Amino acid sequence: MTIAKKPLVLLIMDGWGYRPNMPDNAVANANTPVLDKLCKDYANNLLSASGMDVGLPDGQMGNSEVGHTNIGAGRTVYQNLTKVTKSISDGDFFDNKNFVDAVDQAVAAGKAVHIMGLASPGGVHSHDQHIVAAIELAAQRGAKNILVHAFLDGRDTPPRSAAGTLALFDEKYAQLGVGRTATLVGRYFAMDRDNRWDRVEQAYNLLTQAKADHTAESALAGLENAYARDENDEFVKATVIGEPAAIEDGDAVLFMNFRADRARELTYTFTDSNFSGFERASVPNVHFVTLTEFADDITAPAAFSSERLTNTLGEWLADHGKTQLRISETEKYAHVTFFFNGGVESEFKGEDRTLIKSPSVATYDMQPEMSSIELTEKLVSAIKSTKYDVIICNYPNGDMVGHTGVYDAAVKACEAVDSCVGKVVAALKEVDGECLITADHGNAEQMIDPVTGGIHTAHTNLPVPFIYVGRNAEMASGGRLCDIAPTMLNLMDMEIPAEMTGTPLITLK
């Protein structure tokens with residue numbers, strides 16, 4: 001006979017930070033009666049989700065990869081941004097074997113060194129100082145033809161802010177006497193993660209064929225031309241800068257993004273012999289190196305290997321015979337699976353996964369509810385099945401709509417999530433289950449840039465909510481994302497592994 005389980009559900013409201021009420025605060029100004037009542041009736045506090053508390057440099061805003069990794073690990077996990085930056089300051093970066101080998105082979109054959117990545121100081125997917133260091137490394141190794149392919153941000157940075165980074169690159173070329181920016185394209189095309197191969201194809205054709213609708217004599221001129229076409233950084237269409245310079249056989253290609261989820265698709269176009277996303281007109285045989293490990297099935301060498309996290313929440317639950325479900329939309333599916341499991345692709349024993357397809361719209365302000373209704377239906381069904389001990393669910397709306405910078409849409413996104421939370425809590429009460437509600441980082445609570453007065457599309461470094469909907473309890477003040485997993489295990493009356501250095505925050509009365 002199957003024993004009915006009383007599930008503990010962790011709801012992660014992506015991009016939902018806490019900020020005192022302001023006119024541009026979509027979270028506070030949204031009509032959220034469910035969450036308002038939960039905060040009134042149940043134990044709750046705020047958690048730190050940025051900076052050193054999640055393994056990032058002081059003051060650095062959190063992000064979804066970092067947030068989910070810390071939540072799932074139950075400990076502060078020092079992030080790739082921190083590791084790579086330290087290796088540059090220590091000098092170890094310039095002796096990195098995989099980078100050096102690729103560059104040296106290209107130099108010996110008189111070929112080019114291509115450096116591509118998100119040209120941004122945002123620190124979420126990349127950092128422009130890492131690209132500068134790669135330019136320096138190539139120059140030190142004797143490269144005479146260093147070509148930078150700049151993917152423009154405007155999502156983790158202000159919408160029209162790329163000029164500073166492009167000027168930084170120009171200064172470095174002038175200082176070294178070698179190198180130039182060869183192409184520009186917005187991250188909308190180069191960094192898709194939802195199998196929108198028509199977008200990726202445009203970036204790939206720019207890189208491998210120098211195929212573009214636009215040209216310019218300099219990177220800054222190309223950027224200004226894009227702005228004149230009313231294209232913000234994220235959406236800049238493929239642009240060739242100066243003499244066309246496509247990636248060719250024998251060249252070295254260094255992909256300088258450190259975050260995996262939005263780097264995988266473009267990497268597959270270069271490295272997967274069975275690639276079928278689109279017909280590739282050119283498939284150059286290159287020395288391709290990624291900055292970090294993007295996926296188990298990517299064969300290209302990585303300059304920095306991933307830290308193996310043992311006894312994450314998912315692994316610990318599996319080892320103790322517990323069942324678990326991970327569920328989200330396409331946009332955050334990798335976060336509740338791969339990142340939550342500490343970079344492990346495969347499911348643990350007793351772990352099921354449910355993927356709900358995100359809507360096919362150009363930008364999510366066009367459909368701020370995204371696929372939350374279908375997601376909630378599947379989640380409620382899973383709760384009522386009493387099959388699972390633990391369910392991890394991510395609602396992407398606050399983050400994905402917050403990134404558009406459209407305030408009214410962000411308000412609607414928050415209201416949609418609130419309605420869904422109400423249905424989840426009602427289902428849990430039917431089966432005597434419990435719920436923890438939190439976020440991985442902030443976003444929608446700040447929609448106007450206080451400096452420029454323009455729209456704010458980036459994450460914030462503000463705290464996030466933590467609500468316990470369950471038994472009568474007290475909540476400790478303070479806390480970090482890494483405290484969530486130990487808190488969950490404590491609520492389940494389970495031992496906490498030694499590797500989890502987070503602190504349980506809830507005391508049952």
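Here the Cβ of each residue, glycine as well, is placed from N, Cα and C on the backbone.
The Mn(2+) 2 binding site feature in Swiss-Prot is assigned to Asp14, Ser64, Asp440, His441. For Ser64, the entry in Swiss-Prot reads active site, phosphoserine intermediate. Annotation comment: Swiss-Prot describes His125, Arg155, Asp156, Arg187, Arg193, Arg259, Ala260, Asp261, Arg262, Lys332 as substrate binding site. The Mn(2+) 1 binding site annotation in Swiss-Prot covers Asp399, His403, His459.
Location within the structure of each feature annotated in Swiss-Prot.
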residue	record	contacts (Cβ under 8 Å, 6+ apart)
Asp14	Mn(2+) 2 binding site	Ser64, Lys332, His335, Asn394, Tyr395, Pro396, Asn397, Gly398, Asp399, Met400, Ala439, Asp440, His441, Asn443
His125	substrate binding site	Leu118, Asp156, Arg187, Met191, Asn257, Phe258, Arg259, Arg262, Ala263
Arg193	substrate binding site	Asp261, Arg262, Arg264, Glu265, Thr330, Glu331, Ala334
Ala260	substrate binding site	Glu65, Thr292, Glu293, Phe294, Ala295, Ala334, Phe338
His459	Mn(2+) 1 binding site	Gly15, Met61, Gly62, Asn63, Val124, Asp156, Asp399, His441, Gly442, Asn443
Legend entry - Site of maximum Cβ density within 10 Å, from binding-site residues Asp156, Asp399, Asp440: Asp440
Legend entry - Nonlocal residues around His403 (Mn(2+) 1 binding site), in sequence order (Cβ under 8 Å, 6 or more apart): Gly15, Arg155, Tyr364, Asn443, Thr457, Ala458
Inset, instruction - Have a look at the binding-site residues (Arg262, His441) and report the one with the fewest Cβ neighbours inside 10 Å. - result: Arg262
Inset, instruction - Using DSSP with the three-state reduction, classify Asp440 (Mn(2+) 2 binding site) as helix, strand or coil. - result: coil
